[in-house]
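Each remark here refers to the structure printed beneath this line.
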Amino acid sequence: MSHKSCYTNPGTGGKRPRNDKGNKVTVVLGAQWGDEGKGKVVDLLATESDIICRCQGGNNAGHTVVVDGMEYDFHLLPSGIINSKAVSVIGNGVVIHLPGLLEEAEKNEKKGLKDWEKRLIISDRAHIVFDFHQAVDGLQEVQRQAQDGKNIGTTKKGIGPTYSSKASRTGLRICDLLDDFKEFSTRFKNLAQQYQAMFPTLVVDVEGQLKKLKEYAERIRPMVRDGVYFMYDAINGPPKKILVEGANAALLDIDFGTYPFVTSSNCTVGGVCTGLGIPPLNIGDVYGVVKAYTTRVGIGAFPTEQLNEVGELLQTRGHEVGVTTGRKRRCGWLDLVILRYANMINGFTAFALTKLDILDVMDEIKVGVSYKLKGKKIPYFPANMDVLQKVEVEYEKLPGWKSDTSACRKWEDLPVKAQNYVRFVENHVGVPIKWVGVGKARESMIQMF
């Protein structure tokens with residue numbers, strides 16, 4: 001490989017050319033509070049992808065994919081693992097609970113998922129979620145409830161405590177587990193002791209845990225790679241279709257979400273670069289997944305929430321129950337302020353609008369188009385939760401189509417009023433809608449362009 005300079009001498013006023021080489025990465029992100037149906041969009045794109053990656057979060061995410069009538073549930077594994085021709089990557093930004101990962105793989109194996117371990121690559125820089133992180137997650141929730149009378153509503157999967165360990169530089173990574181086990185054991189014991197000092201009721205079976213971790217190390221060793229080099233090679237090698245599957249969603253982002261009722265990672269587009277070690281230059285299409293109405297799990301402000309028959313109807317018709325927690329989701333009308341905000345941050349190429357069929361029975365459908373604060377319209381999405389609680393939503397009313405859309409497979413098949421609803425969203429947010437979902441199966445995603 002020659003290392004000749006590829007740009008002219010700066011002294012002569014020459015400019016370095018923009019390096020536009022390499023494969024582009026397609027990204028799928030949630031544009032609301034999660035549960036938008038990202039798994040289905042990923043599944044659609046994964047059939048043609050060579051590499052499918054997760055870049056952040058852990059097994060707090062829940063994606064359901066239906067293939068040939070069989071439902072697969074994914075939490076840590078990229079849902080593209082179903083594609084037997086593709087490689088799945090768990091990036092450095094993901095936090096990994098090893099027993100959770102193996103249990104999930106085995107459960108899906110029983111449903112027919114074959115040879116997953118030959119298709120999975122785990123970044124050696126990913127941090128490990130230990131059982132005590134999960135225990136601490138539960139203890140912190142109890143503490144919050146006692147102090148403030150409210151909790152964050154975490155999934156108790158140890159995600160927050162693991163990212164805390166990572167930020168305070170006491171965390172342990174996959175590369176540590178696979179290296180000198182004696183050194184790993186010492187650091188593991190120190191970390192456990194730190195948590196026990198903070199939470200005196202915390203019980204940690206150190207020796208039992210280490211014994212299991214040693215076994216996990218051997219199970220995963222063949223799957224572990226240097227993630228940065230792997231992605232660099234994939235991007236700069238022969239043409240490949242690379243897909244990144246975001247977990248959680250814009251309003252759960254640690255920086256841009258409805259803080260503190262958020263997750264502990266960046267679930268917006270920036271998390272793709274930091275969670276896989278890829279340059280922004282190689283980000284291609286960014287698809288936002290939007291449900292045709294809004295849902296939220298746990299507490300926190302929710303301007304368009306409907307605590308009435310509408311909310312109940314959306315909840316029952318949409319089967320709005322969390323994949324990871326089994327909790328009922330709160331439901332409300334579609335909120336375009338949220339979508340515009342998510343688009344400001346992510347710069348979506350297009351939207352996938354899912355679960356349109358849930359609105360089939362409505363006489364009238366409302367869409368939140370703007371917020372007012374003290375009688376004045378505000379052009380932004382408030383950062384402060386107390387302020388967000390106080391906003392007044394301005395709605396536009398659209399007539400319902402009152403007919404079953406679940407059998408529609410082409411845009412022309414949709415009732416005109418349903419088409420109007422889709423166009424209304426596009427025009428108000430300024431992002432084209434590429435897919436419209438009218439059911440659970442792969443076939444029920446109508447592609448528009």
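Any Cβ shown, glycine's included, is placed from N, Cα and C.
Swiss-Prot names ASP35, GLU36, GLY37, LYS38, ASN60, ALA61, GLY62, HIS63, ARG169, ASN248, THR263, ARG327 for binding IMP. Of THR26, THR155, THR274, THR316, the residue it gives for the same site is THR155. HIS63 (active site, proton donor) sits 8 Å from ASP35 (substrate binding site), counting Cα to Cα. There are 17 other Cβ atoms within 10 Å of the Cβ belonging to THR325 (substrate binding site). The binding-site residues under consideration are ASP35, ARG327. Their Cβ neighbour counts within 10 Å are lowest for ARG327.
Counting every protein chain shown, the number of other Cβ atoms lying within 10 Å of the Cβ of GLY326 (substrate binding site) is 8. Its Cβ placed at the centre, HIS63 (active site, proton donor) has 24 other Cβ atoms within 10 Å. In the structure shown, the C-beta of ARG329 has more C-beta neighbours within 10 angstroms than that of any other entry among the binding-site residues LYS328, ARG329.
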